[in-house]
């Protein structure tokens, strides 16, 4: 029996004890996780009262407290520091922490049923049907995907299950439903089923418990729980605003009666005018207070949601991020767009009850005016409601589909920006741009559907109140009654009120539906399991000499496997009544469809070795990150389903890592070295066995993670600065020479991902960060592979054996000559430990000779061994070594591992450019450029004419009713009626035309702006990407494009709507009562001055807000990439504090926009109230002067129109400000379109357009085949594939005008088919040479001949097509193995397998169930760094049409044996190609035809390896001798051809 609270639950059998224990462990883990969250958020920062806190009630009412900020902002000299900070209750820390607590409480509550797993259950209606609860969760392929179901292993199944025929959808199963492995039964039988949890009882000792199904987590519900006060505070001002708005038609009725009365006194009329004035003022103040609270609540929703997303990015498990639908692009989209949609709900949430209330009150008032004649009009109203429901459902479906397409577009854009170097190296720009444009085209199709639905919405909502009033007046006429002014004008006023309510309906519904879609997406991410480290604290056990202990541990990761596609059995009619039907058996709803992927996927799931509870199912759209390669087979919007399947990485690990010692982990590429280190940090799942480790860990990854900060910031990493320690760290990490040449010293910005550092410098900065952290355990993942020989020697002596002496050091390396230095050695092979012991024991095994044969030849010095000292270079090498140590480092940084293009570019060491911020008004050129992109000025002229004509028709209906009611034309009643019906007809069918035309033009503009932006970024020079953070560029494609797609189109539409409405109102007022100009003229002047101040202020605030978003995106992307490093160093709380500070700035800017709008609105509307009072007052004077009945009718019409002027002006001002503020996004997009320096690729636009056209109706695979045909066919005919020749004559190169030369008169010649190695110290110009070959940088002197032609005679893409580039930093993209090695899909499967075999990856890929079609996760996270590099090599080997192969230290992260095998393969299989290799491992180029030694940008030496090494005065000879006796011996053996690895043979 198990005690569950106060109830004793019956365990089913002894086998469930483990499951019960697992549940208890989960509960304990939840408690510990709550403590981790408290530590993550830390204490509340100090608070200083703000200006808003100290404002009086009158200042709060009329927003006087913000006046100083508005005038300062209008002057155009504000920065983020000038923004008033948020109040204590609205700070991101405060609201984010509250939301975090509530969200985790809701998630824990939703998992309450997990506590019953392993308990005995009974079917609700059959007491004899008993079984054991094995699983609780949600079925993916179900018509009720959010319904909680229970997986039960039955002893006696329910009757409806027993009657099912085996093989049918309702049959019992063995834990697999629709190909989805839900759980593993204890008995290997088919006695399992999934039942709705409400159909089960949990059996206790005394009775049956009917546990209530917990509610599913819902971010919206959680937000309302947290911010309930701000939500409820909107009710009172909204109610007061609505009531006073409805009082105005009543007051108008009495005023019209006063004007028509024969004996009315002037005092009564003046009292009515004053009452109308005061009612208007109260309505204005209460409406703006409501807007203030609602928009503030929206800002709180946004910032607290972003804070929660940041927290989740820090705590989400690695397993969750393996899900295809949780890509970086999707997370960025959630922060950029989804939280905005969630926040916007608060702008309109009160209209849920306000709009119906207003309509009901309007109907009651109409009944009061016209009696029973209102009933047919009400029928018209109710007829339109079902139509609105149908349109709403369509909009929701389209919005969900569009959200997934936007995810796909952003993911593809992020991949392009993150891997832009390899994209340019390989000439893939058209492919990537076409894929993004394809996603954009699908997004625009969805946007078109939304726009069409909105036009229908507006048609219905515009037509409904007009038809209602028309029906009323027709029946009024038919009944024989005479229209009178006291009936007509209050009715018109009520009609205008109804128009506002109906006008809000499409906005409300659209906002709500978008909010629901976004909340669902964010909730899915928040629900992802958090990381719960299975590494136990070694301090809990008494093992003083151990730093970590593995005890029979099995280390696993999770990979997604596609499930077979199934379709619903329900008919369309059944689906439409889905929520009204009884929820039946889940499995009966769906059936498996025949598809090429179904059987394979199902087989993959069933054949994969998984453990109990080790699977997790996920869902994604076919347009989303997952399965995009299959979109040719899946209709747009169809879903694809995946299951996360456990994969064993390390098996049965039993290992004790000694404390305070140096442990070296060696093994071939992919053997599991990095996995072992990751397991110590808790990065992987421990499926069996146990693992203990110390908590104080510093981690140096194989690919250094560098923050976009200064050098000082990267080393300190949020620690306090200790000057003495910092200098010592810089010294021992060999950074002194680099610092001496950095113009800003320690304060030099080193760029995003360390873009202006070489690979070795990034490794040393990463190492310096670890050393400065002063931890107990150091995990070093092969940091020496990126270092020069002599630098690596000093690092070993000064850091690993020096400053870190006495610390626990675990070094993963390929360099076997370092093993004598190790206190403990661990050897890995194929995921298993084959040896663990000291060097003496290792030397006595056969492994020692085997590994020496496999791993020998590493580039670092052997001098660290017991028989050779650290300075064991020969006498001849000493001068060179000394010279190498003192090399001028002015060129030591690089683009992707070479030299720095921006060494002296910006003063004080600043590399990253400050984001541009325009000042003053948005220039007219921006408006003109935008209007041109939207179809041209002629099209907008037609649009304005359409708006003017339709507004004239709309105003004519009110004017005609006024004429009809006074009978001034002396026509018959039927004639009045027919003319009125004709006007109504034109009004109803004319209004949708302007909406449709406006949406169409705006959509064209969005398409063209995105296309131009994408093409501009696609051909931008590398210097742009080196100085611009990816987050800043991505902000243009997310936030700014979202504004152009959604916000700006509505802004222009409503701006024109309200502008022409205001014009018609003012014209009618002036024509009817010219004396009203006495009030209008000064009010218009005041309007103008206030608008000037406000627009300038709002514009500057909006610009700050736009800029404030970019650092948020940048920090989020850095956090996702460096999560492992940040968490290991225990700095998550500090990064979160930085994020909260940036979110406070975003909130402040958004809040200031809101309050500034209120500041302006209350002032403008007060002036409007004055105008209304003047109209009424003039009417009173006219009454006293004996005005005619005709004039009285026109005065009544003028007053009726003036009452709408207040709200019209309020919305007009808001839309003017919103449009001008949102035009900042157009300005920002145009800046990247027009101001970015471009490469000369004039054919790019046509290539992309051709590929996008060819994509129509075709799958991705077909498209990418077309890419190579269209982009390469013509060029191939002109320049057939041949071995390349290269001649450089006096080549000079500088990265920018005014900077020093990086290449100084370089001259050499490379013959066809030659194998050339380029060597030299970091900063000598090696990588710059390769960049010059690829024309990533342009030469400023000299000539380069490629295949006998000057390089300048080639087009840029033609030049790059001649070269296959293998960069230093491996970059893989989300997709399949085939797509990564052959993006153009022009190679056969046999050729792909052969290339993988040549680089040593065949066995690794063959181990996947889908082979070369197996999935590569985003960034290649399911492959080791070395394997990623091998994948890049296979990619280059398969590139066709090239005559050169360029390798930039491409084998730095693989073991030497595999490196030699690859080099031998290159020598034979590519004998017809010219190979140019940059290498620090001298043995890599020992068998090459020619060696070029670079030094300070010049060719210091050139010749064959044999010639150079035999010249004892040469620099190359000194470099070889600096390897030490054993290293130089290995080199000479390779040189003499005695140790050549036999290459694999490329099969046909």
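Glycine is no exception: its Cβ is also placed from the backbone N, Cα and C atoms.
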If Swiss-Prot marks one of 652, 708, 1095 as N-linked glycosylation site, which residue does it mark?
1095
For the candidates 77, 1154, I need the one that Swiss-Prot annotates as N-linked glycosylation site.
1154
Which of these ranges is annotated transmembrane segment in Swiss-Prot: 956-974, 975-993, 994-1012, 1013-1031?
975-993
With the ranges 221-238, 239-256, 293-310 to choose from, which does Swiss-Prot describe as transmembrane segment?
239-256
So one of 263, 756 should carry the feature N-linked glycosylation site according to Swiss-Prot; which one?
263
Under Swiss-Prot, which of the candidate ranges 906-925, 1106-1125, 1126-1145, 1186-1205 is annotated transmembrane segment?
1186-1205
Averaged over the whole of the domain 'ABC transporter 2' (1286-1521), what is the pLDDT?
82
Tell me, how many other CB atoms lie within 10 A of the CB of residue 667 (ATP 1 binding site), whichever protein chain they belong to?
25
Between the recorded positions 263, 669, 671, 1324, where is the Cβ count within 10 Å the lowest?
263
Are the transmembrane segment (933-950) and the transmembrane segment (1051-1070) close enough to be called in contact, which here means at least 3 C-beta pairs under 8 A that are separated by 6 or more residues?
yes
DSSP-derived class (H/G/I helix, E/B strand, else coil) of residue 1154 (N-linked glycosylation site):
helix
Measuring Cα to Cα, tell me the gap between residue 673 (ATP 1 binding site) and residue 1320 (ATP 2 binding site) in whole angstrom.
30
Using a 10 Å cut-off, grab the number of neighbouring Cβ atoms around the Cβ of residue 1320 (ATP 2 binding site), all chains included.
26
How big is the Cα-to-Cα gap, in Å, between residue 672 (ATP 1 binding site) and residue 1327 (ATP 2 binding site)?
31
Cβ under 8 Å to the transmembrane segment (266-287), counting only same-chain residues 6 or more beyond its ends: which ones?
61-62, 237-238, 240-241, 244-245, 247-248, 251-252, 254-255, 258-259, 1161-1162, 1165-1166, 1168-1170, 1172-1173, 1176-1177, 1179-1180, 1183-1184, 1203, 1206-1207, 1210
When DSSP is mapped onto helix/strand/coil, what comes out for residue 671 (ATP 1 binding site)?
coil
Rounded inter-Cα distance in Å - residue 1154 (N-linked glycosylation site), residue 671 (ATP 1 binding site):
58
Around residue 668 (ATP 1 binding site), how many other CB atoms lie within 10 A of its CB?
21
Taking Cα atoms as reference points, rank the recorded positions 669, 670, 671, 674, 1095 by distance from residue 1325 (ATP 2 binding site) and give the first.
669
Residues of the parent chain within Cβ reach of the transmembrane segment (239-256), under 8 Å, 6 or more residues beyond its termini:
269, 272-273, 275-276, 279-280, 282-283, 286-287, 290, 354, 357-358, 361-362, 365, 369, 485-486, 489-490, 493-494, 497, 1176, 1179, 1192, 1196, 1199-1200, 1203, 1207
